[in-house]
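Sharing a structure, written as structure tokens. Questions coming.
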Amino acid sequence: MEGESAETEPLIQSSSAADRPDPAAEAAARFTVYRRRWFILSVLCLLNCSNAMAWLTFAPVAGQSAQLLCVSLPLVNWLSLVFVLAAVVCSFSSMWVLDTLGLRCSLIGSSWLNACGCVLRVCGVLSVTPQWAVFAVVMCGQTLCALAQPLVIFAPTKLAALWFPDHQRATANMLASMANTVGLLLANLLSPLIVSYSGDLFLLLLIYSIPAAVACLLATLGIHQAVPPTPASASSSSSASEPFLQGIRQLLRNRAYWILLLCFGSGIGIFTCFSTLLEQILCVKGYSNGFAGVCGAVSIVCGVAGAFLLSLYVDRSKKFMEVMKICMCLTSVSCSAFAVVSQLPAQSVLLVLVCCCFGLFGYSVYPVGMELSVETTHPLGEATSAGLIFTSGQIQAALYLLLLQALATPTHSPTSVCAADTSLNWTVPVLVMAGVCAISSCVFVVFFHTEYRRLRAEADSATEPEPTGDAADA
């Protein structure tokens, strides 16, 4: 690229000429890493965080939102459920956009959807908006944000594969993926504070629209290329080499990927249930909403910290399967402990510790699992392999939520601090949740085996020394 200087690494030729199908790729072929990859990663992190905040804007203040929007509580819940619906409905189109039209188109398009949705939500609560139209306008804005979510959620593996060298891919994936979790944490903390301070939704929605607008501006003006001028690694040049529909068919014939799809997707579904039902499970045993929020926040913080450490480790060791299997086993143990401790009153310290372990081993393995999906399916599109797993998790989450709520029975516990007529006995549901988690972990540990196809392809085509510097972008 003109105007750019770069420190590059020579591509070491294979001993067999047949291994090099392109005769023009001679010893002059080189790999380059560009400093702008960190800018694109930062934009994706901000966009992912902003979209997660939009998703969970109303859930922590559902009661106040129902009053201020003049609607019922079930309608307020749909402001969050629309994200789950959009993730399932738009998953295949989002995968196609990422793997066919490219990363730049996906990030700019999703940033505009997210920003327009956030701004439309603000317009919905303005005083000039008729009362009968308030909820409809807010829901339209929320739907636009929801349509952006699959493009944002599926992007980290694509960005890591295209722009980052092999020793930084898991870390880049972790940073982009965990930004979504940080957004959920911020929404849990900020929504109650802002609404209690202002007494309305205008200030809340206005503040949440700022990071969305900034991400849109940065993506539109700052991202100029879908791929780097020179590949960052041997595998990035073959990313998404298969047509989309042909890639889907190949995925469905991959036994190891099916196991990962179902077992890892089950883990995503379990954690969605945990986050959604935590307050309802704890209130019946006398734990306040504030304490439930602390438990949720602790699990997220520990998960982010664990993801950072695990990503650094697998970037260097490449032990994706070992890390996944160990963490899934420890997650099932933590889930079983939560099923027992959550049914005991006056065990605050122990409950926080269990939630800490649950988040540490469960949340932290998400970026590693997404990288493992790419290793299992290379050279198929990264967005397709990771996107199908996320979609599987959303579908299983919906099924588990319906099952667990059906198993919960009304109760009249003397320790309950739940709202009137909402106390439920969650003993059987949490045991079922722990059982599902344990079964998924056992199946994954026993039956999942795969070769690291992307690493093998890179080893076959080149031996790349660790870059000594980044390209200086013009």
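The backbone N, Cα and C atoms fix where each Cβ goes, glycine too.
Straight out of Swiss-Prot:
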REGION    1-20  region 'Disordered'
TRANSMEM  38-58  transmembrane segment
TRANSMEM  69-89  transmembrane segment
TRANSMEM  105-126  transmembrane segment
TRANSMEM  134-154  transmembrane segment
TRANSMEM  175-195  transmembrane segment
TRANSMEM  201-221  transmembrane segment
TRANSMEM  258-278  transmembrane segment
TRANSMEM  290-310  transmembrane segment
TRANSMEM  326-346  transmembrane segment
TRANSMEM  349-369  transmembrane segment
TRANSMEM  388-408  transmembrane segment
TRANSMEM  428-448  transmembrane segment
Count the CB pairs under 8 A between the transmembrane segment (428-448) and each of 69-89, 258-278, 388-408, then give me the winner.
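Selected stretch: 258-278, with the most Cβ pairs under 8 Å.
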Same chain, outside the transmembrane segment (349-369) by at least 6, Cβ under 8 Å from its Cβ: which residues?
156, 170, 173-174, 177-178, 181, 260, 264, 267-268, 270-271, 274, 282, 287, 294-296, 298-307, 309-311, 314, 320, 323-324, 327-328, 330-331, 334-335, 337-338, 341-342, 389
Between the stretches 38-58, 326-346, 388-408, which wins on the count of C-beta pairs under 8 angstroms to the transmembrane segment (258-278)?
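Stretch with maximum Cβ contacts: 388-408.
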For the transmembrane segment (38-58), name the stretch out of 69-89, 105-126, 175-195, 290-310, 388-408 with the most CB-CB pairs under 8 Å.
175-195
Do the transmembrane segment (175-195) and the transmembrane segment (69-89) share at least 3 Cβ pairs under 8 Å, sequence separation 6 or more?
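In this chain the transmembrane segment (175-195) does not contact the transmembrane segment (69-89) - fewer than 3 Cβ pairs sit under 8 Å.
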Could you check whether the transmembrane segment (134-154) packs against the transmembrane segment (69-89) - three or more CB pairs closer than 8 Å, residues at least 6 apart in sequence?
yes
Using a Cβ cut-off of under 8 Å, list the residues of the same chain at least 6 residues beyond the transmembrane segment (388-408) that approach it.
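Non-local partners: 84, 87-88, 91, 95, 150, 153-154, 251, 260-262, 264-270, 272-273, 276-277, 369-370, 373, 424-426, 428-429, 432-433, 436.
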